[in-house]
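Data block below; observations after.
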Amino acid sequence: MKRIFLFLATNIAVLVVINIVLAVLGINSRGGAGSLLAYSAVVGFTGSIISLLMSKFIAKQSVGAEVIDTPRTEEEAWLLNTVEAQARQWNLKTPEVAIYHSPEPNAFATGASRNSSLIAVSTGLLDHMTRDEVEAVLAHEMAHVGNGDMVTLTLIQGVVNTFVVFLSRIIANLIARNNDGSQSQGTYFLVSMVFQILFGFLASLIVMWFSRQREYRADAGAAKLVGAPKMISALQRLKGNPVDLPEEMNAMGIAGDTRDSLLSTHPSLDNRIARLKSL
């Protein structure tokens, strides 16, 4: 739960900071509904797009991922060959492949586009899983890349952020208006920030729901690529190994929660396994 609230707080904080910067620069949302919507879109999409463009850099820095340029071991060579073969099946440029040091079994995919991506696995994943299970995890992450989930998630976050800013400003305009038609600037800013935080939390439920659906879709993509039994075996292995990632990377990891929640980025492992068994 702590990870989820930090994720929500980060997104809301980005919106607040952008609003403050625009206010300091003298760029405001005054005008008609069309101008306000355009302003809201700028605020709503800026943070999401910047995060997407910097996603590989942020991912590498946050977990200390080391990209495999030239394989030094048989295991690294196998990882590169497996990812390359899966990328060919998706008709994609081979993603960068990286390993990061962590005892917890996990993996994630990120990148600005389908042909500019990164797949990283933890040393814990390589230590705890069989080759078949690691292959399934790689296929799951490749499905995220092939489905364009990183870009889609960014667009959805940008859209909901836009309406969060738009609706909070509409309400602030109404509340801050004085009887003589003038407007209290301090009240307007304070009210808009309060409602931005409130609507930001509610809008995040939509993003979380989409994230859970993309996990089911990536599981199905992995099953199609390597077979459902391998993917089921990998998820069952994760049930016995609690995992963790930095907050900003949590939505991109393979592991999920042990139970379902509206604030979860992943469905429960039991539900994912049940969905795979029904394919």
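Just so it is clear, glycine is given a Cβ too, placed from its N, Cα and C backbone atoms.
Taken from Swiss-Prot, the feature transmembrane segment covers 4-24 (among others), and the record attributes it to sequence analysis.
Feature annotation from Swiss-Prot assigns transmembrane segment to 34-54 (among others); the stated evidence is sequence analysis.
Feature annotation from Swiss-Prot assigns Zn(2+) binding site to His140, His144, Glu215; the stated evidence is sequence analysis. Secondary structure at His144 (Zn(2+) binding site), as computed by DSSP, is helix.
Around the Cβ of Glu141 (active site), a 10 Å sphere holds 29 further Cβ atoms from the protein chains shown. What Swiss-Prot records for Glu141 is active site.
According to Swiss-Prot, the feature transmembrane segment maps to 155-175 (among others). Nonlocal intrachain contacts for the transmembrane segment (155-175), taken as residues 6+ away from its ends with a CB within less than 8 angstroms of a stretch CB, comprise 11, 15, 19, 29, 36-37, 39-41, 43-45, 47-49, 183, 187-189, 191-196, 198-200, 203-204, 206-207, 210.
Residues or ranges marked as transmembrane segment by Swiss-Prot: 189-209 (among others).
Here the Cβ of His144 (Zn(2+) binding site) has 26 other Cβ atoms within 10 Å, regardless of which shown protein chain they belong to. Here the Cβ of His140 (Zn(2+) binding site) has 26 other Cβ atoms within 10 Å, regardless of which shown protein chain they belong to.
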